[in-house]
Amino acid sequence: MPGLTIGDTVPNLELDSTHGKIRIHDYVGNGYVILFSHPGDFTPVCTTELAAMANYAKEFEKRGVKLLGISCDDVQSHKEWTKDIEAYKPGSKVTYPIMADPDRSAIKQLNMVDPDEKDAQGQLPSRTLHIVGPDKVVKLSFLYPSCTGRNMDEVVRAVDSLLTAAKHKVATPANWKPGECVVIAPGVSDEEAKKMFPQGFETADLPSKKGYLRFTKV
């Protein structure tokens with residue numbers, strides 16, 4: 001069966017964490033959560049990633065988005081490793097919880113397993129990141145191999161896109177950033193678009209003359 005992906009409800013797992021017991025649905029509450037895995041504590045790329053998450057925590061907080069990490073190491077390991085993360089990026093504080101999944105059952109349910117990375121206990125997590133909405137449904141997923149660290153600017157951009165799309169019923173084009181034009185969904189007629197977007201919209205003049213590429217500001 002395919003693993004957890006966009007449109008699926010995230011499992012309501014309860015795990016130990018650096019902040020005590022966490023039940024995922026309770027943690028999500030009525031907001032958005034970035035649920036992300038890392039292959040292992042005390043490893044180089046993971047240290048830079050979780051430090052970057054700490055640096056960007058305020059950006060996510062401003063958007064009403066919480067962070068929640070997970071790996072197969074135990075809670076005590078997470079706590080000890082946090083000292084290294086904060087020393088690597090002075091001034092950064094790891095304020096978000098990191099869950100422990102020593103038996104690796106949670107990462108399987110969350111579709112966070114890297115089939116190519118293993119240790120003596122079994123398969124390790126990939127660098128997976130799910131953005132979970134208030135309805136507990138996965139809205140977006142990133143999946144990176146162990147050799148490639150994630151780009152936090154792109155994670156922020158993706159969050160901004162999801163929040164904008166949800167609020168204004170639009171979509172965002174390639175390389176979009178907040179303040180730039182968005183596109184109107186194909187299922188919205190021109191008449192509906194005039195009511196939805198009284199500020200107006202522009203239709204790209206394309207060879208097909210189909211009028212499907214419409215831009216507006218929100």
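Just so you know, glycine gets a Cβ as well, placed from its N, Cα and C.
The range from 2-25, 74-97, 194-217 that Swiss-Prot describes as motif 'Bipartite nuclear localization signal' is residues 194-217. Sequence-remote contacts of a segment are chain residues at least 6 beyond its ends whose Cβ falls under 8 Å from one of its Cβ atoms, and for the motif 'Bipartite nuclear localization signal' (194-217) they are 169-170, 173, 181-184, 186, 188.
Helix first, then strand, then coil: DSSP counts for the motif 'Bipartite nuclear localization signal' (194-217) stand at 3 helix, 5 strand, 16 coil. In this structure, Cys46 (active site, cysteine sulfenic acid (-SOH) intermediate) is part of a helix by DSSP.
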